[in-house]
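Engineer: Handing you a structure now.
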Amino acid sequence: MLRAGIVGLPNVGKSTMFNALVANAKADAANFPFCTIEPNVGVVSVPDNRLEVLSRLSNSQKIVPTRIEFVDIAGLVKGASKGEGLGNKFLANIREVDAIVHMVRCFDDDDIIHVAGSVEPVRDIEIINLELILADLDQVDRRIAKQRKQAKNDKNAQAEVELLNKIRTVLDDGQSVRSMGLSEDEQLIIKSLGLLSNKPIIYATNVSEDDLATGNEWVEEVRKFAQDEDAKVVIVSAQVESELIELSEEETKDFLEALGVEEGGLKSLIRATYDLLGLRTYLTTGETETRAWTITAGMKAPQAAAVIHTDFEKKFIKAETISYEDLVETRSKGAAREKGLLRLEGKDYVVQEGDVIEFRIGG
Ligand code: GDP
């Protein structure tokens, strides 16, 4: 399962947001009886309205959304790369995630101490990013030292050292590896290093409930900053999300309506993270269940089938496929078949976002 780590300075609202994520996950626990949740790891469902629609068409007994994991990486402070706080341990935690959700404080509240003295999100972002860059610099230096000898008579090692030197210059200049726009081949060379400033990132701007509908000046500053990095920004309100946990469905609706929003930002954060990871969803539907499955962009039908069961890749015969839109329009696979909208795809078919599939599997 893919994993996103929530980072940010202390007191920006990470734990509040994380607790809301976990509370949502717990509400789902009935669907996932075997998932244990570690204290700082929450497994969350990816919201997808299509599941509800399909389950009605199929009279499904249940809906099973797809999931991603969020990890609360608390304790990242200025000086972490030098071992301040519990620095190294947290940096090691970040190394294991596929994407970073960087939470920044865009709310004012005199009662809540800001570790750097004032609300200034771009400065905050730069403090954390610098720690990641310094940790990378350390890692790159160690790798160069290790590979240098070997590079004398090994072409691959030579190419690696050359690339690492290029990366070193950028890091030394205070820029993230992400900003370099490395090619696929280059990414492959440095993959095993798990460089922190190379991970895809979303900035989650935590605003007060009054600013949830409109954003505020601080959010705009973050947007400007993120544009240069080609990073995404979502507006969330950790406080609103934490208040929603206690409310009934009816109360939630009224509360959100009064704020002029449809949600507290949690859902769009989950969706944005899913997109950031380059993930795609295909769907299966029947009387037993309607379910979403996660694949990566470009995956072919047999590999997509293996997400359901590893055996399915070898035993794959055909994928009976229809787009979600076509199925909703025709309302049944039977009607779709008559119109020629239900396709039988072979092993080279690249599964598309929103495909509704029934795999034919051999014995
Ligand atoms: P963390 O250190 O980043 O995990 O921050 P916490 O989630 O522990 O939040 C620190 C404090 O800020 C807590 O007292 C929260 O209740 C408060 N807080 C979190 N989000 C908001 C918010 O959106 N508005 C306000 N006013 N307070 C918040």
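Every residue gets a Cβ built from N, Cα and C, even glycine.
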Engineer: Using TrEMBL as the reference, determine which range in 64-96, 130-162, 163-195 is annotated coiled coil.
Structural biologist: 130-162
Engineer: Write out how many residues of the domain 'TGS' (278-361) are helix, how many strand and how many coil, based on DSSP.
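Structural biologist: Split by secondary structure, the domain 'TGS' (278-361) comes out as 26 helix, 35 strand, 23 coil.
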Engineer: Which residues does Asn11 (ATP binding site) neighbour through Cβ under 8 Å, counting only same-chain ones at least six apart?
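Structural biologist: Result: Arg105, Ile112, Ile113, His114, Val115.
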Engineer: Tell me the coarse DSSP state (helix, strand, coil) of Gly13 (ATP binding site).
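Structural biologist: DSSP call for Gly13 (ATP binding site): coil, neither helix nor strand.
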Engineer: Other than Asn11, Val12, Gly13, Lys14, Ser15, Thr16, which residues of the chain come within 8 Å of the ATP site, judged by Cβ distance to the Cβ centroid of those residues?
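Structural biologist: Near the ATP site, the remaining chain residues are Gly8, Pro10, Met17, Met103, Arg105, Asn206, Ala238.
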